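Marked as domain 'EamA 1' by Swiss-Prot: 33-162. Annotation source Swiss-Prot lists domain 'EamA 2' at 210-335. Annotated transmembrane segment per Swiss-Prot: 19-39, 51-71, 83-103, 112-132, 143-163, 195-215, 227-247, 260-280, 292-311, 315-337, in sequence order, evidence recorded as sequence analysis.
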Amino acid sequence: MTRGAGGETVAWSYFCRDVVPFTAMVAVECVTVGSNTLFKAATLRGLSFYVFVFYTYVVATLVLLPLSLIFGRSKRLPSAKTPVFFNIFLLALVGFMSLIVGCKGIEYSSPTLASAISNLTPAFTFTLAVIFRMEQIVLRSSATQAKIIGTIVSISGALVVILYKGPKVLTDASLTPPSPTISLYQHLTSFDSSWIIGGLLLATQYLLVSVWYILQTRVMELYPEEITVVFLYNLCATLISAPVCLFAEKDLNSFILKPGVSLASVMYSGGLVSSFGSVIHTWGLHLKGPVYISLFKPLSIVIAVAMGVMFLGDALYLGSVIGSLILSLGFYTVIWGKAREDSIKTVAGTEQSPLLPSHTIEEEASLSCD
């Protein structure tokens, strides 16, 4: 009986520690790409990205308010004069800027490009961690060499995706086929300025996302309450976005949303991505760390391609395929370097985590199943 109970305990611990986080992160990637696709469809019908950003934070705040009151733990809310509140406000400012830049980038390009560029996140995070002395560089270490090489390869892949669009390799059957008079040479030598601008904006977004990860880690160390932190984050982002978006959007009538794809995109983004998606990301960051979360980024490319072709009639371009392959190679090189570094530290008996403290198996199971 004891043995059976022990086996059940181990199985339950594995389920809470590995299966639940994995399923949650896959679901978040699907929801995020779905939000990008829906937003792109809404912008094609005239939705202003300022309106989208403002209402996204408003909806997320309203959704999380009752949840923070119901599921909030006994820890008191941080005072406005404490470092916790200042860090949450700074987190909201960075998150607001990243969402504004990202929405504009998708307007210029596509959700598929956004998913491809998102693979820069680990490289950016590593670079920022080095700059802020949160990561140690030992040039003779294979782990450090892998992270440096992976960062360079990732940036190279992003440049390919941004600067080289190339011919179509996959398109919706309902789209008009390209003219046979357009030569491959014209595809190779042509530059789409909108595509390049969109790519640069999206690269800026994921640089800000990397900054957001580091700040979020600091907040969770000071105040480890996921739902409350995300609620305060969205509340501060709402207060920041209100004057900016109302000033930037000259047509106030655009803030009146009628039933349709525009209203659906706002409700979807605020009700799922900025609220529950942010809570799951924060929980996963606290439980597994930022490297684990970033492992799921390449999955978003496949999801974005499928959704873009099916719902937007987007085409898949050769440059995106080649660049995404290079990006993924660099991405997994950085991840291998990080995993190698962690294994060396484990063997050496050191317990050092640059972004978040590690958890024991029992603590992880408790965190994941709370």
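Placement of Cβ uses the backbone N, Cα and C atoms for every residue, glycine included.
Between the transmembrane segment (19-39) and the transmembrane segment (260-280) there are at least 3 Cβ pairs closer than 8 Å, counting only pairs 6 or more residues apart in sequence, which means the two stretches are in contact. DSSP places the residues of the domain 'EamA 1' (33-162) in helix, strand and coil in these numbers: 103 helix, 0 strand, 27 coil. Same-chain residues lying 6+ beyond the ends of the transmembrane segment (51-71) with a Cβ under 8 Å from its Cβ atoms: 39, 42-43, 96, 99-100, 103, 227-228, 230-231, 234-235, 237-238, 241-242, 245-246, 249, 254-255, 257, 262, 265-267, 269-271, 273-276, 278-279. Looking at 83-103, 112-132, 227-247, 260-280, the range that has the most CB pairs within less than 8 A of the transmembrane segment (195-215) turns out to be 112-132. Beyond its flanks by at least six residues, the transmembrane segment (112-132) meets 33, 36, 102, 105-106, 147, 150-151, 154-155, 157-158, 161-162, 195, 198-199, 202-203, 205-207, 209-211, 213-214, 290-291, 294, 297-298, 300-301, 303-305, 308, 314, 316, 320, 323-324, 327-328, 330-331, 334-335, 338, 354-355 of its own chain at Cβ-Cβ distances under 8 Å. Cβ atoms under 8 Å from those of the transmembrane segment (227-247) belong to residues 50-51, 53-54, 57-58, 60-61, 64-65, 67-68, 71-73, 75, 77-78, 85, 88-89, 91-93, 95-96, 216, 219-220, 255, 274-275, 278-279, 282 of the same chain, restricted to positions at least 6 beyond its ends. Sequence-distant contacts of the transmembrane segment (83-103) (same chain, at least 6 residues past either end, Cβ-Cβ under 8 Å): 39, 49-50, 52-53, 56-57, 114, 201-202, 204-206, 208-209, 211-212, 215-216, 218-219, 222-223, 229, 232-237, 239-241, 244.
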